[in-house]
Amino acid sequence: MLEVVTAGEPLVALVPQEPGHLRGKRLLEVYVGGAEVNVAVALARLGVKVGFVGRVGEDELGAMVEERLRAEGVDLTHFRRAPGFTGLYLREYLPLGQGRVFYYRKGSAGSALAPGAFDPDYLEGVRFLHLSGITPALSPEARAFSLWAMEEAKRRGVRVSLDVNYRQTLWSPEEARGFLERALPGVDLLFLSEEEAELLFGRVEEALRALSAPEVVLKRGAKGAWAFVDGRRVEGSAFAVEAVDPVGAGDAFAAGYLAGAVWGLPVEERLRLANLLGASVAASRGDHEGAPYREDLEVLLKATQTFMR
């Protein structure tokens, strides 16, 4: 039986090997990505039974996405190849650390998710449904899909996890806040970053007041993370790594925290696992290539007290 289901738009990323403007590049590496895809792959590598709901185009990039997810052991019962194209994006890293992303996803097969896109009984017995704020930003249909999926999860006693994952290229702060206001009553576990809190609400404190959920996890980058649970704040320290490619690190963080929750770990150890996964992905090229397997965890945590038993 599945433990986690994620849903969203798969993407393919084209990434230069060295910093500099894309216009001067001749070789680009190809990676499979997308926020919910990254979460699914990271969970599968940890041995969590995970399913992915989504659409890709009837094209070679869609075939690439499907092959990757199957190879990683993600359940694809409600994954479909559909008319249209698979979303694509290009990343550009400049020498002083700035980065830009160029999306080619509007009207993609993956952005056409709508209510009824999967049999809601697929959620029976699942521990978590995980969504991100990217999916509802893609289209009115995808926004309705996100709310519908959350409602179906709640009907079946499934906890809903939502990563704010705000993208200012997809929608405005006002639109994002409007969606969050509608979604929050059904959210059990909320992830957001300090940067997102400030962009959407002006101050972190205001965001935490507005975004009340039973469990809120604030990602603080190199400063680690805070989890607000049962009226207390739990702090988790970051792992010091040299960031090679930060894209996907937040998704890996969410996957680590979710895995810890599925395993019944205390909040402190969920944060530790989340920070470890985020650091591992940030230290590697690609959206999820650096996500560790469960058998790697004890080695990676050897420098500190490990929770593996």
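Including glycine, each Cβ sits where the backbone N, Cα and C put it.
Summarising the annotation, Swiss-Prot assigns substrate binding site to Gly34, Ala35, Glu36, Val37, Asn38, Tyr89, Tyr103, Tyr104, Arg105, Arg167, Asp251, Asp287. Secondary structure at Arg167 (ATP binding site), as computed by DSSP, is coil. Less than 8 angstroms from the CB of Arg167 (ATP binding site) sit Gly133, Ile134, Ala137, each of them six or more residues away in the same chain.
The ATP binding site annotation in Swiss-Prot covers 165-167, Ser193, 219-225, 248-251, Asn275. Reduced to three states, the DSSP call for Gly221 (ATP binding site) is helix.
Summarising the annotation, Swiss-Prot assigns active site, proton acceptor to Asp251 and lists a curator's inference as the type of evidence. In the three-state DSSP assignment, the secondary structure recorded for Asp251 (substrate binding site) is helix.
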Task: From Asn165, Lys219, Gly221, Lys223, Ala225: binding-site residues whose CA lies within 10 A of Asn38 (substrate binding site) - done: none
Open item on the list: What whole-number Å value do you get for the CA-CA distance of Tyr103 (substrate binding site) and Asn165 (ATP binding site)?
Closed with: 16
Task: Residue among binding-site residues Glu36, Asp251 with least C-beta crowding, 10 angstrom cut-off - done: Glu36
Open item on the list: Roughly how many Å lie between the Cα atoms of Arg105 (substrate binding site) and Lys223 (ATP binding site), rounded to a whole value?
Closed with: 33
Open item on the list: I'd like to know which of these binding-site residues, Arg105, Lys219, Lys223, is least surrounded, judged by other CB atoms within 10 A.
Closed with: Lys223
Open item on the list: I'd like to know which of the binding-site residues Asn38, Asn165 has the most other Cβ atoms within 10 Å of its Cβ.
Closed with: Asn38
Task: Integer Å distance between the CA atoms belonging to Ala249 (ATP binding site) and Glu36 (substrate binding site) - done: 12
